[in-house]
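See below for the structure under consideration.
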């Protein structure tokens with residue numbers, strides 16, 4: 001069964017409508033999962049800080065919800081992911097109240113606390129207060145663009161899986177995911193960005209819904225996400241001091257993967273330029289240096305990305321470091 005949000009509110013002062021939405025859903029006693037910086041957006045409900053919750057014990061995490069009829073996640077990625085997980089394990093409805101817009105986790109059924117990610121259910125309601133979101137750090141909002149443009153290469157990878165491995169594919173989910181990305185890119189390339197936070201939130205929610213439709217992360221996560229996960233591995237392996245975000249890494253990864261598709265004749269030059277220029281338009285990174293990684297690290301990440309997850313992508317069985325360097329140079333990432 002496909003579960004998508006019953007209520008989606010994306011507007012100024014939307015957080016003031018949380019009690020109304022709870023009432024509409026006949027929910028009386030929610031538990032709020034939030035952070036110390038976002039606690040101020042919680043009104044009148046019991047809460048717990050996300051970093052006080054032990055997430056490794058998946059079976060007992062449901063006990064946090066035993067005295068409540070619903071879970072609300074207020075904040076960025078981690079409070080919302082933990083809220084989704086508790087709601088899933090306790091079989092209680094989940095409401096997502098994002099305070100920034102850096103990835104599609106605000107609406108998707110995916111929990112990314114571990115690798116591989118964990119499938120739950122999409123939120124029953126999403127309440128996105130634009131007054132709050134537009135005040136979040138610009139770096140987070142530009143990271144959201146990186147997460148959205150990655151839909152283009154993710155869907156190409158999914159289509160490749162269908163062709164080369166007879167993988168199940170959803171036309172409606174794939175088309176929806178690509179259209180969301182194209183519309184946001186078109187907006188940032190042809191406007192003054194005044195409405196960017198609202199447009200971004202709408203796109204991220206749409207991306208999350210495309211995942212719910214497919215019941216898979218495929219429409220929004222492909223080889224560019226494997227590249228991002230590889231960079232995370234490099235950070236730990238070499239103790240790299242960088243503040244690069246998931247969405248930023250996915251954006252750069254999208255350019256690298258798009259270059260491969262370009263060389264195979266499966267992506268137009270105009271599309272590649274649109275991807276790159278839309279990232280630049282919101283000041284998202286497009287080079288290794290802007291991400292905070294040395295050339296050799298980026299090369300190692302791209303050449304090893306295929307090993308991070310058993311998922312068929314354009315990387316197939318992997319590429320050599322020499323080929324990775326060539327791709328990264330041609331796409332001007334290094």
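Here the Cβ of each residue, glycine as well, is placed from N, Cα and C on the backbone.
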- Message: Quick check on the annotation: Swiss-Prot has 104, 229 binding substrate, so which of 57, 147, 186 does it put in that site too?
- Response: 147
- Most Cβ neighbours inside 10 Å, all chains, among the binding-site residues 81, 104: 104
- Message: What does the structure give for the C-alpha distance between residue 79 (NAD(+) binding site) and residue 104 (substrate binding site)? Integer Å is fine.
- Response: 14
- Students should find that the Cα atoms of residue 102 (NAD(+) binding site) and residue 229 (substrate binding site) sit apart, in Å rounded to an integer, by 16
- Spatial separation of residue 104 (substrate binding site) from residue 225 (Zn(2+) binding site) - C-alpha basis, Å: 13
